[in-house]
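Trainee: So TrEMBL lists these for the protein:
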TRANSMEM  39-57  transmembrane segment
TRANSMEM  63-78  transmembrane segment
TRANSMEM  112-131  transmembrane segment
TRANSMEM  146-167  transmembrane segment
TRANSMEM  179-197  transmembrane segment
TRANSMEM  217-238  transmembrane segment
Amino acid sequence: MDNETNKTRNPVLKRIKNKNITESYQKVATTERASLKSLLLLALVIVSSVISCLYAFSNRSILLMIIGAFITGLYICWNPKSSMCLSPVYAVLEGIVLGQVSVHEETSCDGIVLQSVLVTFILAFLTALSYCRKWINVNEAFRNNVVRATGAIALLYVVDLVLIMGFGMEIPMLHDMGWKGISISLIVIVIAASNLACDFADIDSLTAKGFPSYFEWYFAFSFMVSLIWMYLEVLNLLRKIKR
């Protein structure tokens, strides 16, 4: 476990580790409290999503909230201590956006939101079980592959967004409703689940290292980012299958 900690690919945790922190803290991060904070953030996402479903937001408002959530997330990654205050803000912003996205998809395909939520939680549970049972070996090679795959997907999505907004074009395979598009969505969901496994490993290994308690919020934030990503990808997959 120590060896995996030293090789972590999480840039924030790696930066903290390299500082060789030796101070004593009144409270240190624990897996149990990080899990409770994860549940709290999840509750904020769910509540804000439900409330968001009751109102109609303009595209401009939704875009501003997406940008706000993105900037908030980046700042949390740069300054983990801010996660104590900003993680709930991020959760609420994401919840509002998810609510609007879910309403749009539910209007187009009845029942898809509930199905996506159930599939997401089942996948998250199976990922946690696989990690706890050591069916998934989160080693250096695994982390490297997850980082590369996640970076490639992010780059692909950014290029697709630029093409859509700037040129009215898109990357066909990302929006294909046939087997190609479904296959890509399945691959992305597997990568999202792999990120969850890395989150579990980071929490499991680093909470035993005496890190300050505010890292519980950072751990919860990191987990929530992966879980939200998985939900969106599951929603996208089911939309392709149903259409």
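In case you wondered, yes, glycine gets a Cβ from its N, Cα and C as well.
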Trainee: Please figure out which one of 146-167, 179-197, 217-238 racks up the most CB pairs under 8 Å against the transmembrane segment (63-78).
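Mentor: Between the stretches 146-167, 179-197, 217-238, 217-238 has the largest tally.
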Trainee: Counting only residues 6+ away from its ends, which parts of the chain sit with a Cβ under 8 Å from the transmembrane segment (112-131)?
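Mentor: Residues 102, 105-106, 138, 189, 193, 196-197, 200-201, 204, 227, 230-231, 234-235, 238-239, 242.
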